[in-house]
Amino acid sequence: MVTRVNGIAASDGVGIAPAYLLTKPNLSFEKYHVSDAASEKKRLHNAFDKIIRNLETTKKNLTGKLSDEDLAIFDTHIAILNDPEMIRQVENRITNQRLNAESAFAEVITKAIKTLQAMTGNEYMQERAADFQNIQDQVLAELEGKELPNLRALDHPVIVVAHSIGPSDTSQMDARFVKGIITDLGGRTSHAAIMARSLQIPAIVGCNDITRKAVNGQNVIVDGFEGNAIIEPASTEISQYQKIADKFMNVRQQWQQMVDKPSVTADGSKYKIAANIGSSVDISSAMENGADGVGLFRTEFLYMKSDHLPTEDEQFNAYRKAVEQLKGKRLVVRTLDIGGDKPLRFMPLPKEMNPFLGYRAIRIALDRPEMFRTQLRALLRASEFGKISIMFPMITTLEELQAAKKIYYEEQQKLAVDHPEIGKDVRLGMMIEVPLAALNAERLAAEVDFFSIGTNDLIQYCFAADRGNDSVSYLYQPLNPTFLKLVKHIIDSGHAHNTTVAMCGEMAGDRYSLPLLIGMGLDVYSMSASSILRTRSMMRQLDRKKCQELYQEAITTCDSMPAVKNLVQHWLVEN
Ligand code: PEP
Ligand code: MG
């Protein structure tokens, strides 16, 4: 029976393949007594050995494809399985109490998980608990002869169907086999959506109950343009969508010709289209997609993956590696933006009622300046190896910006004692993602070399709508005319002080926003690497003056986001 599902269009493209549910099988088991303890122990060790061998092979296959921090998770899991104390306790239960392997193992590991989980507020211990939980599932599945979903082991095309998708899932995804993603939860700026775009996998998110509707192996079509999925489509629909997929492949090939072309409009106005990255591993994809530089390096991933505060040298090496790979292009690094939805293992932060409105980003940096100083020193040192810009996240007030700058200049002067030229080419900037900073843009512009508008957060705060909550995703409205006026105000305020204005939120890579942003005079467009060539291709067909007229028309004749979208859609067809 054909089932149709609607969600939020999150990543362009059409995927057609069998469903692969990222949901766990039932791993419950019976507790019973065994007569032959030796063979029960052998059964246990066989399961352990098989899992260790699998983990070792997968790690080997992924070496070079994942960062060292991501690979370290395999060693952690192998270490849990090799822990002599854990093995002793399980064996004792089998020998002395004659318990079956499942019960003996589950008793021991559950105790460990509970101890770790009891340390609430300690993010690191919570992550360890998750590692133990993961091992528990693997061992029980092996003993029970059941299969766990395992993205790493995929060897055929699938559409991944999941409740939600986190960084650990996406780091395992191979775009050769994952032809589409559908999730119950998430909005356009959720992790799953951003990652799907950067991996160029068609995706729809926020479908509510797709995991209950789809069954493993059923044919599924994902339409990432419109946000629709079809389970068990008719063969006519498959061929219809296959045509759309083929056409999109051709268009992508045409975009490929844009790699070495300059980012200019048809009238010759020059812009920059840069990439957003999460680690230096992403730079190769940015370069392959012809990025004019990196407009946002989200450094928090460097901290989130680590089990200790990254040292100055560790950070210096990461930033140096990144900027060297850019071969003379500029690297814009955002200082630590943690808190909110981005916890750290080694620095437990108190649980908050409203983490997005709480202790995060620059607020933490100014409150714990040692950590901030370490990062600034590492960045200053790396700036001797390429062009580096530094920007501060979540600035609300002028005082915060001035305090952050003061700390930066103190560190620069200390380093300048031995390296007089240090920091001479560094440009300082700030993110505009808090409404008050947007309103105060004119005063703030006098203080920085550049602004970068973070529309993901700016929209969430302007519309008072959690960016990850699909129940309020209708309020993610980059094309709302009132919001457009605010963006224009930021751009004009920047330009009044010769301050470059960039945008690194998802709006920068949105096709309907592009002509409006050009019309408003935005200088730098920073986006997922996968959107760069499409944006450049489109930009080169647009005329700046006509875009200015379009913006004027939008804010004078339209009262709502749908009205603006409709206007832009018609305008694009005509122009
Ligand atoms: C933003 O808020 O728009 C932004 C780019 O930052 P992040 O998505 O990392 O919060
Ligand atoms: Mg942000």
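The chain as shown is numbered from 1 upward.
Positions of Cβ are set from backbone N, Cα and C atoms, glycine also.
If you look up TrEMBL, you'll see 6-128 marked as domain 'Phosphotransferase system enzyme I N-terminal'. Across the domain 'Phosphotransferase system enzyme I N-terminal' (6-128), DSSP assigns 78 helix, 17 strand, 28 coil.
Residues or ranges marked as domain 'PEP-utilising enzyme mobile' by TrEMBL: 155-227.
For His191 (active site, tele-phosphohistidine intermediate), other Cβ atoms within 10 Å of its Cβ number 17. In the three-state DSSP reading, His191 (active site, tele-phosphohistidine intermediate) counts as helix. The feature active site, tele-phosphohistidine intermediate is assigned by TrEMBL to His191.
Among the features that TrEMBL reports, domain 'PEP-utilising enzyme C-terminal' is placed at 253-543.
The phosphoenolpyruvate binding site annotation in TrEMBL covers Arg298, Arg334, Asn456, Asp457, Arg467. Around the Cβ of Arg298 (phosphoenolpyruvate binding site), the number of neighbouring Cβ atoms within 10 Å comes to 20. Secondary structure from DSSP puts Arg298 (phosphoenolpyruvate binding site) in a beta strand.
What TrEMBL records for Glu433, Asp457 is Mg(2+) binding site. Sequence-distant neighbours of Glu433 (Mg(2+) binding site) (same chain, 6+ residues apart, CB-CB distance under 8 A): Pro393, Met394, Ile453, Gly454, Thr455, Asn456, Asp457, Leu458, Tyr461, Gly505.
Taking a C-beta cut-off of under 8 Å and a sequence gap of six or more, Cys504 (active site, proton donor) has these contacts in its own chain: Ala274, Asn276, Gly295, Leu296, Val332, Met431, Ser452, Ile453, Gly454, Ser526, Met527. The active site, proton donor feature in TrEMBL is assigned to Cys504.
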Express the predicted model's confidence over the domain 'PEP-utilising enzyme C-terminal' (253-543) as a mean pLDDT, rounded to an integer. 94
Suppose we screen the recorded positions His191, Arg334, Arg467 by Cβ distance to ligand 1 with a cut-off under 6 Å; which survive, in sequence order? none
Validating a neighbour-count step here. Other CB atoms within 10 A of the CB of Arg334 (phosphoenolpyruvate binding site): how many? 25
Ten-angstrom check, please: count other Cβ atoms within 10 Å of the Cβ of Asp457 (phosphoenolpyruvate binding site), all chains counted. 23
Including all protein chains shown, what's the count of other C-beta atoms within 10 A of the C-beta of Arg467 (phosphoenolpyruvate binding site)? 23
For the phosphoenolpyruvate site made of Arg298, Arg334, Asn456, Asp457, Arg467, how many Å separate the two farthest Cα atoms? 20
